[in-house]
Structures are given as structure tokens and as C-alpha cells.
Amino acid sequence: MAGAKLTPSPSEIDPDVKTEVQKTPEPTWVNPSNPLRTMGSFGSDAGQRYQEEYSMDSTNAQVQVEFYVNENTFKERLKLFFIKNQRSSLRIRLFNFSLKILTCALYILRVSLDNPDDFNPNPCAFCRNNTCMNATNSDKINWELIFCVNRRDPVWAIQVSVALISFLETMLITYLSYKGNIWEQIFQISFILEMINTVPFIITIFWPPLRNIFVPVFLNCWLAKGALENMINDFHRAIQRTHSAMFNQVFILICTLLCLVFTGACGIQHLERAGKHLTLFDSFYFCIVTFSTVGYGDVTPQIWPSQLLVVILICVALVVLPLQFEELAYLWMESQKLGGNYSRHRAQTEKHVVLCVSSLKIDLLMDFLNEFYAHPRLQDYYVVILCPTEIDIQVRRILQIPLWSQRVIYLQGSALKDQDLMRAKMDDAEACFILSSRNEVDRTAADHQTILRAWAAKDFAPNCPLYVQILKPENKFHVKFADHVVCEEEFKYAMLALNCVCPATSTLVTLLVHTSRGQEGQMSPEQWQRTYGRCSGNEVYHIRLCDSKFFGEYDGKSFTYASFHAHKKYGVCLIGVKREDNKSILLNPGPRHIMAAADTCYYINITKEENSAFIFKQEEKDNKGLPVTGLYDAPSRLPVHSIIASMGTVAIDLQNPDPPEESSKLTLPTENGAGSRRPSIAPVLEIADSSAILPCDLLSDQSEDETNQSDEEGSVGSDFVKGYPPNSPYIGSSPTLCHLLPQKAPFCCLRLDKGCTHNSFEDAKAYGFKNKLIIVSAETAGNGLYNFIVPLRAYYRPRKELNPIVLLLDYPPDNHFLEAICCFPMVYFMAGTIDNLDNLLQCGIIYADNLVVVDKESTMSAEEDYMADAKTIVNVQTMFRLFPSLSIITELTHPSNMRFMQFRAKDCYSLALSKLEKIERDKGSNLAFMFRLPFAAGRVFSISMLDTLLYQSFVKDYMIAIIRLLLGLDTTPGSGYLCAMKITEEDLWIRTYGRLFQKLCSSSAEIPIGIYRTESHMFSTSEASSVWIKASYLSGSLAVILASASWSLFILPDSYFILSSCPGLCFFVFCLLCSFPPFILPYSLFSLN
């Protein structure tokens, strides 16, 4: 019997409960017109009655039960109206407060109408009884003037009426508040004051001779103070304002001071009726002067009663006021810890964003503030930090700097509490950034906290854009609803993987996602440092084709044509485009893509087009007197009409620059080996014939022709197939077409250091790999490591160039991870660490080209700041000494520790770069670390450098999508991919970067975006590297350059940039290759992301 209810016994039935038995005990299921349950309406006030009908199983009779009948009594209804109900009690207290203020006003009126000199000496019987006593001391104190006053009948009538109302109200409240102890109610100070100020007036109704007796009505100011405090509390409770302790305490202190001054002024004025006859204003003046400790002495009490009152008031003030100030100081200190509130008025009239973090460190804060406020349109925004921990001392010191104190507000609170979100005014915020604590040992738990914060923010403010940082890729789908999500391990492993095949990819991406004006290193004596600093100002921007001066003239032209000619004419690099009817961004869609007026163009430049001014060549000739600085001081110096960049505005020449005079000095080969004429390069056509797009003769094509491979080349990877990995290690992984094995490899064959029934190999040497190895050292085989393998096995990687991958893990992987990687060719694992030389030799470090050292989760936190990388740095330094030719790519927890990578104590060049870094840091640059040679060469990386990607997405909502396409995390039909092409000495006949751009665009429709080469320097012969990003009037490419003594990277060099000043040295070019059939995949396969 699911619907049966137990019937209470007669002893349990409340005698006050009314019961009504139906005369016709008809079952409820027979007569459906009889409802089983009837309930009263719900209300906000207590005392609502709820009714419910139960069917009794024994008699099938219906009994109606009324609940809360105890609240139906007359006393409970009065208590509900006067005390419990918020609205009615607020009105009652407001009425009571008005009465007390009225009594004080009537007292002041009575004092102003009273003249002690015209006072009748025998106004009442009480004064007549004291006449003889005052006769002997009439020369000192006239007690009649103290105990009797001249009260006019209208004033008396009003005061009696008010006193009667107050008395009845006090008696009623006392009755309703009675809890069993009557003496507790009687001896309350408020009750005593009420009796003193009301009972005498009531007595005068029945005894007229006492109508002029003095009653200290001015003491009602204290009752008014209490009523006002209760009224404010009720008001805050009615509007559900809980954070009002500071306001209440300040209000109480002010009211206390006013009541002390008012009591003192009225008391002294009345007592001085028997003395000097001070006016009420004189008494008020005396109290103000006395409480301010000035004491002029021009107005003083003359008789001892008034003097005694002053002493009592001072003693009371010395006791009461310090207690009030102490409570106020305590609340102030607590409010400083909590951060107070962000007012609703400011939230609605100003723009602010909310930053939610688990713990706030100085590095995280400065990275956010420097990147967020680097954009001009965000200068008027406020940043509200919501953090559950108490503010750090270093953070507090930073926030006290005037630059940040006016724009950053710290609130201590939890994002899981609606009260704290209300304090931060999350519902009015322009955006909410939720960052994970990456220094936690348990990164999964840190992600769980981030997920809950994101859910809480979305629940509280569903219209507020969310920018979420997540650590583990398997947790990403929990926050898929967020507007922008950055998964740390996805980006980290993909970037480390590309660093092995495209050197300095990490540096390239890091400089692109950092906002800079390109002013770093301009005071350096070395040319590469100045160029490198200027290059760091390049960023990705977007504009509609129809609104652009850069690309507007290329409507109806091919993408390749528009990219080349925009670079040649304006110095900008067009890297991608998005159709109006398509949400996907295409990187280098190739010559088949015809530009349309509604297309959105994505380009790389020193600043966006809207902040650029165009200077024509004729105008420049008219202003010969104005000095213009060229981009280079080297022999490859640009003409004077090159870039003029200052304060975010670029002056760009619209004419093609003339070749430099020094160009004729370089002897270039011709077809027959004689002469000085440069070999011709085919022009870039407006609408190219796709059949004419052949692999570039200069550079090796990334998509090999499998049918023309030799037998020797075909033996490498001839049994590989292209397809999608059948097993993804986590939900939300983007499907990518990869090189796969025809059949999954058994788990035993994935173990490098142990033989099995299928093979007997126990080390890397036994396998006899033809290509160099890539070794990855990690603590565990997390799901993020899957993103390291996928870019290295992508379909566009030539089969013959696939490098074997060896995972050197501290702990063996589980079967779930092995199931995900067993389909990839030449992927192995073994248990070991990099501090064990036997493990390194067994995994084939001698045959390796790259060693990637991933930061370990167990060492990310340390008792001393910045010591988390100590073990990693020392182990890498050991391998650097043992294997100097090995390319070691290291991930660190703290970017500041990269100065210890490949450390040489006596290297003068490194010491000079250290001084340069300090200078840039003192200038406030957030890219001061860029001059460190290991970072510039792409040999060291910290994931915290990519935090700016999430911050930059607030202004550029396309940045995450573009970086994911560059790193191969996402694939879009028709979009290109990033690769590095090796250029040798035989290719130097091209000579300049502009001709290289034309060669690649015309032959294989590839867009170069970077050069990486060696540069010699004047100090030591130590190996070093640097990555340069530069803005030029001939943009359109990211240049990365290697030096004989130091590696260096350029982004966006000009057309007259000399490819190599050191013949015999090779370098790499970063390119965006377009995707041709059969690599354009069905859209449905990619729609899963």
C-alpha cells in the first residue's frame, strides 16, 4: 500500500487540532471529485496554514488536519505583526523612531520658548516645597529652575500624547517579548528610559500641579538610536543584504557621538538654568569644543551640577568610544582581508572583469595585468579578483602601486558562494576568467575545483562570457559550455612535438600571443637583438576584406595572390581567411580559394590596420627634411621609406621599394653559371590553375608522391595506412588523419626494453631505426601525451621522414593509454628516468635527434619559490654535458628559471644577455625573458607563457582557434598546416626573403611565416639561439633564423632581408602549406569537434 499513511494513536493527537469526519465514508477512488490533498497558498510570511486530507485505512473516512494552529492565537498574530514579519516590523520601528525624534524636537521647542528670567517662582507644588530650602542658597544655585520648567499647554498636550503612545507600545512589546523572566525585561536600559520619559507625563494628566515638572525628554535620543539601528538591520534583512557589518558599525559610532553631544548640550543647558543661563547653542558649542579636546574656555559651566555632568559625560565617552573604535578597526581589518564589495552602481556604470583563482601568485597576477591592459580599449576596465585565500604580501604590495590600485580590486571569497559572486557583481561583468592552480600536486583535483567554479559562475550569471583554463584534457568536456577554453596539456604536448620537427615553434607561438610594441632590446649594441626586439611586436589581427585597405583590392583574386602582393606592397602577412557563411578559419586555403568582399582576413603585422597611417612615396619626397630610421643598420639596410613604428601607429609606403644599392655586389648564379643576372621566378597569378601547382623544386614537398618512391624509400613505412585513430584516450579529442599501422601492435611489442614472442629486441640499437629518434621523458603517461604523438604522425608528414618515438616514463602506462597508441607506427615506451644513464643509453639517446623533458607533476610545488625546477635543470645540464650535440627541449614550471638552462658561468655573451634582460624587466616588459638564448632557440618552454593566450582571447576571440590549427590540435577541411623547410647553400641564389616568398607562392602556393638560422656574434663561441619577431612594411611571414654562434628567429622580415650572411650554413623556413586533394577530407568527419 504505497499511498497508505499511519494513523496516530489517541495519545499522540493534539487536542488543539480540529478534526472533521465526513458523514459519507465513500472511498476516494470511487468519487474522484473529492480531492486527496488540498493545500493553502504559499507566502513569504510565517503563519500560513497548510491543510491536507488523509484517507484512513480503517474507516476510509477523510480527516482534515490544520497545521501551525498555534500561530492563530491573538498573541502570535501580534508577535507576527510587530516582530517576526519583516515589512510590518520595519514600519513599526520607523514609526517608533519618528516618535522619539518628535519628542527631542518638542524638547528643543520647549527650551527655545522657555525663559528662566520670567519664570514664576512657585509654578507647582513640588517647587513650593523646595522654596525654603533654596532661600538660604539663593546666591549660588536656584534648584527651582532645575526641577521645574515653564511648559506651555500646547507643548504639554503633544508631549503627553506622544508619551502615552510610547508607553502603550513599550508595554505591548514587553509582553510579546516575555520569555519567562519579567525582571530581565524590566531592568533593560531601554525599558528604564521609556519609563522615565513617559510615566511622568502620564501622571501629569491626573495631577495638574506637576505639569511643569522637568522630564529629561532629551534622553529619548538614545532610544531613537536603538530604534534606528534595529530599523537598519530590518531593512538590510528585507533587501537580503548580509555584508553590512562595516556600515552598521560606522553608523553606530556616528550615532553614539551625536547622542553624547546632544545629551551633553541639553543636560548642561538645563542645569545652567540655575547658574549662568546658557543657551542651547552655547551648550552645544561647549560640548563640541570639549569632545574635540580643544577647550577654548570662553564658555564653561558655572555650578557644580553641570560640572559633574561634564565629568560623567567625559568618563562615558572614554569608555564607550574606544570600544566602538576597536570594533570598527577590527571590522576594517577583516574587510581589508575580504576585500569589501564592488558596488552595484560601479558595476552598472563601469566595465569590469572577474578573475577567479585558487591562489594568487605574483607571477600569475602580473602576467594577467600586463597582457590585459596592453590593449588600448581595455584601459578603462576594472579587474575584480575573487580568491578564497588571504591576499599574499607580495600581491598586496603590488596592488598598492598607483598604477594598479585604481584598477584592481581584491575580494577574498569563493566562486561557489552566491554571496561572493554578488560581491564581485558577476552578473554585470564583461567576462569571467577562471584559472586552474597548476602548481598543485594533484592536478586532477585542481581541475575539479575549476569545473565547479565554472558551473557556479554559469549558474549565477548565465550571460557572462567564461574564459576557462583547464589542465587535463579529459576534463575539458565538462566546461564545453564556456565561451573559450584552453587545455594546458593539449597545447603543451602539441607544441613540444612541433619543436622537434619545426625548431622554435614554442618561441614563435609565445611571441605571437604576447602583446608588445616591439621596443625590447632597442638599446642593445647588437643588431640581431634590436631586430629581434622589433620583431616581437608582431601579432595576429583580423579585418573584413571590404573594409580593408590592405586586402580590399584583392576581391575576386586567389588567396595566394592576395597574400603575396599584400606582403610585397604593404608588408603584412595574410595567413588565413574565414567565409561569412562558415565559422571555421582556414589557414592558407591555397590558390583555389577566391577572396570575397565578406571574407574575414587574418594577418600578421606590428599593429592592426585601423591604427596604421599610409604615407605615399611622393609625400615622403616632399618631407626630405624629416629623418627616417631604416629597419637595419647592417649592409642589408632598408630604404628610408621602410617602417616607421611608434606608439602603436605604423607609417607604410604604398610603393614597391627600390632594391638596395648593395644588392649588385652579390654575385648570383645564372642558368649557365656565368653572368650576374638573377634567375627568374615565376609570377604569382591572380587566379592560379590548380594543375599548375607543382611541388616546389627548391624545397622538399611535404606530401610525397608515393608512386615514385624508390625501393629503398618505399621500405620505410610502406606498410602504413592513413586513417583516424580508432581509440581516443579521452572525450573531446579532435579526430586527425594520421599514419597508422594496418593492424594494432600487441602491447608487448610496444615495450622497447623487453623482448617478446614477436621480436627479441631489448634496446633501440637492436631495432636499427633509419631515422633519428625522438625521446620523451615524462613522469606518467597521461592522456595529454597522446597529443604529442598525433602531430608527429599526421597525414601530411612524409612517411620516410617519420621519427621513431620513445616514451621514457617513470611509471609504466596503463592499458587504457596503450590501447590508444598501439595503432601508431614506431611508438615505444620503457620505464626509466633521465637521471639514470643506463636508461638513457637503452632507450637510444645516442641515436636520438631530440630529447623532450616534460615537467613532472610531483615536482611542480616546492617549499621555496622557484625551486620546483631544481632537479629538472640539473639533470638536463648533465645530459647537456654528456651529449652536447643532442637537442634537448625542456619544460620548466617557472619561466624565470630558463636562465639556468645550458648554464656556463664564464660565458661573457650569456652574462651580457643577462644584463639586457634585467634592463628590459626594469622597463616593465613582460617579454624580458625573450633574450635568453635557450628560449630564443626553442630549447626551453614554460606552459605559463601561454596563459596570455586566454587573456588575449578577450579581445581576439579567434586566437585560440588559430593557435590550435597551427599546432595541429584541430583540423579543418581545406586548411593548411605548419611545417619547416630546410634551405641549403645551393638555394641561396634566391638571396632575399621577398624572392623566397614569391618562389614559394608561385610554385607550391606556400606562405612562409618564419626563418630560423644561425647568427654570429662578437663575444664567445658558445652555442646560443634566439627567435626574432619583427614588424615591417613588408610583412607576411614569420622569420626564424639560426646563427653560427647563436640561433635566432625572425617573424615577418622585409623583402630585402638577406637569407644568409654566412654561406655554408643551413637554415629553416616556417611555412603554411595549403591542403590539396586527396588531403581535403569530408566535413562530416571533422564536425565531431
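Note that Cβ sites are derived from N, Cα and C of the backbone, with glycine treated the same way.
Small disclaimer: the values here were computed from a predicted structure and weren't measured.
Under the heading region 'Disordered', TrEMBL lists 1-37, 653-679. Annotated transmembrane segment per TrEMBL: 94-113, 156-178, 190-210, 250-268, 280-297, 303-323, 1027-1050, 1056-1081, in sequence order. The domain 'RCK N-terminal' annotation in TrEMBL covers 350-486, 771-911.
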Positions on the same chain near the transmembrane segment (250-268), where near means CB under 8 A and six or more residues out: 104, 107, 111, 216, 218-219, 221-222, 225, 228-229, 232, 278, 280, 283-284, 286-288, 290-291, 301, 306, 309-310, 313, 316-317, 320-321, 324-325, 328
Number of helical, extended and coil residues in the domain 'RCK N-terminal' (771-911), per DSSP: 55 helix, 29 strand, 57 coil
Recorded stretch, among 94-113, 156-178, 190-210, maximising Cβ pairs under 8 Å relative to the transmembrane segment (280-297): 94-113
Tally of DSSP helical, extended and coil residues in the domain 'RCK N-terminal' (350-486): 59 helix, 28 strand, 50 coil
